[in-house]
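**Q** In case it helps, TrEMBL gives these features for our protein:
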type	residues	note
DOMAIN	490-529	domain 'EGF-like'
DISULFID	Cys494-Cys504	disulfide bond
DISULFID	Cys519-Cys528	disulfide bond
TRANSMEM	652-671	transmembrane segment
TRANSMEM	687-708	transmembrane segment
Amino acid sequence: MGRVSVQGTCVWWRALSGVPRTVSGTFSLFHLTLCPWRDVRLVSEHFSQSPQKLSFYSWYGSARLFRFRVPPDTVLLRWLLQVSRGSGPACASVEITVYFRYGAPPVINPLGTSFPANSSVQSPFFIKMLDSNASLNISHPAAGDWFVAAHLPTASQKIEVKGFVPTCAYVFQPDMLVVRTVEVSILEPDIPLPQTLLSHPSYLKIFIPEYTQELQLELQGCVANGSLGCPVRLTVGAATLPRNFQKVFMCVSPTGACRLLLPSPPWDRWLQVTAKSLAGPRVLVAFQVVAALTACRPWNLNFQHLPQSSLNESCNASTGLLPPRPADHGDHGLGGSSRRHGGPCCLTSYPVIREDLDVVSVRFWPVDRVWVQVRPTTPSVMRLYMDTGMDSGGSLTVSLRANKTGITNSTLVAVCVNAASPFLGFRTSLNCTTAFFQGSPLTLSAASHKADLIIPYPETDNWYLSLQLVCPESPEECEQASVLVETTLTLVPCLNDCGPYGQCVLLRRHSYLYAGCSCKAGWRGWSCTDNSTAQTVAQQRVAALLLTLSNLMFLAPIAVSVHRSLLVEASVYAYTMFFSTFYHACDQPGEAVLCILGYDTLQYCDFLGSGVSIWVTILCMARLKAAQKHVLFLLGTLIFAMSLQLDRRGAWNMMGPCLFAFVVMVTMWVYRCGHRRHCYPTSWQRWAFYLLPGISMAALGIAIYTSMMTSDNYYYTHSLWHVLLAGSAACLLPPREEHTKPWACSQKLTCHYQICKNHREDLYTVT
């Protein structure tokens, strides 16, 4: 990813003034003038990535993914989206869909399929590009990874042969332009920070230490040109997509005092604060900003502590220790004197071990325990370390099971899964909403003691699992109650490995890895769980029988070849019949599948046999001399093997050698016509009963193979292709030599020294 940094903001805005700015979406957008600010505190940077060729959408692998890293202290982010297409009649104007998301790849669903049960999926933010270029602006974006995905409209069901149908290349390239500030005021807890606003906004930031329960921001002593009143708009937090949880409040109170309370702000990171004057451009506004942090007293539970009594005693102790402040953040840690001291501990922290199993495959489990004790006094919190930057390409699965003996009809285990900070307000609400994140709620009760949650592509962050026992109807019953909950927390590339009707495919964009499911047999969806268009088991078996048993038609050209002493041709047809049968038996998903070799090996042998069968049939029709024919047989087979290795699905890799063989055949026929001064072949019966039917079947087979196959009728059309290919070969094979008797080879099996007698040698025998 390239990067260019320029002091000031007018340089690249002026260079890009001609870029269209037509976008559609649901996010708050705004367009910039050439020089929005003449502020020396701002610098601009340009990030670019190599373009990618777009594809029509059929599954997640069809979308092209880009990952950008937004630097800290960015106040403006602009995406420049450029699309170029080739020339020609096939290059029509199409609608391109572009998705944006912060922290993880966007979870998209262009086909309208269903997600697995218990999935937590947010609707993606996207724009549709109607022109060749577009732009999107986001103010105060979150620092970190941003992902852009793009694709063409939904792919058609028609199966097209590569290189046979004209196509058009649509190339997509996004550029990221950022404006960031180099002068940010540090807001320290409980220390008033004077600010003066005139024409430019003021940029602040405050560090939120770990175990912060609440953050309160207050504006004090606000004066506008000597008069009371506070025309100030405060923007707290950073913009994210698809949801934006920025807090914006305007202070218009005549007393000049305004407060904003944020529960469970994001832990262990800097929080952006932007103050902008709502007065006129020449009105001076002065005020003070005060931040107050409420500390959360955690009780870190591990295997060395005694269970019940030690937990209660430590949580009720007023002298419980707080975690030490970070060494690299000065006085911003919770250990400093600037925080508000909480009372009893507000959470019980269970240490979690992260075990990396494979690529995008992780397991989380508590230290030295399987069960987590859930009590009504404080939430039980488990932190899942998923901030490595490579954990957002899979699916986070949460499976909970409560002990049946611990839950009564009046008790309820409330569960929240949040990113950045845990949810701690179970006593007042169960909505799992923190300061800047909407979590996923779960409940365990006597009627349902199990709960599952699936989060596709979780954001890159620390995730928190919070559990607390609540009694909505009779709170007094929860005073001494406790419940043991078994937790199973995993990060997997694909849920259930995409099931029996899908394949989990690992995708890569530069060094970033992510996974997707490729479905078969009509199954669709994120994890191949949508059976709205799925085939039944009976339909799968019928399809498998059609594709495999249709290859028995090759017995006809095998019998004709043996009857006419064409043993090489018979062996090629037998090879094709064998591998085509078992390739299609292995190619079937679900129940009806049988693989005697690797799938790739069977596919290669099937393609090779089909091409060589056409090659030997056409050359056999040319009636070359035995030595010439067998040399061309061997040479053509080697050429087919090489071309299929280069591109297995390229149409011209198979059609090229076949056209050469056809030219050889036509040349020999024309030569015989001129030499004999008579049409070749000479018999009209040969034309009427063999050549014309064979040519018709071959032409119909080629037409079906190249233009009539779709995903829905593939089982029928491809089976018909097998029948037509074998039938045309049986009809087009030339008749036997005049001196060769029918089944000559089988009649000579009694000769131990020679299977087939060569009659050509008798012509040179001197008697």
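Cβ atoms here come from the backbone N, Cα and C positions, even for glycine.
Any TrEMBL annotation is an automated prediction that lacks curation.
On a predicted model such as this, the values are computed, not experimentally measured, just so you know.
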**Q** Across all protein chains in the structure, which of the disulfide-bonded residues Cys494, Cys504 has the highest Cβ count within 10 Å?
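**A** Counting every other Cβ within 10 Å of each candidate, the maximum falls on Cys494.
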**Q** Quick check for the class: what is the C-alpha distance, in angstrom and rounded, between Cys528 (disulfide bond) and Cys504 (disulfide bond)?
**A** 10
**Q** Say we define neighbours as other CB atoms within 10 Å of the CB. Which of the disulfide-bonded residues Cys519, Cys528 has the fewest?
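**A** Across Cys519, Cys528, these disulfide-bonded residues, the one with fewest Cβ atoms within 10 Å is Cys519.
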**Q** May I ask for the distance between Cys494 (disulfide bond) and Cys519 (disulfide bond), taken between their Cα atoms and rounded to an integer number of Å?
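**A** Between the alpha carbons of Cys494 (disulfide bond) and Cys519 (disulfide bond) there are 12 Å.
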**Q** Quick one: Cα separation, Cys504 (disulfide bond) versus Cys519 (disulfide bond), in Å?
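**A** On Cα coordinates alone, these residues lie 9 Å apart.
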**Q** Restricting attention to the domain 'EGF-like' (490-529), give the mean pLDDT.
**A** 91
**Q** Run through the domain 'EGF-like' (490-529) and tell me, per DSSP, how many residues are helix, strand and coil.
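**A** The counts are 4 helix, 20 strand, 16 coil.
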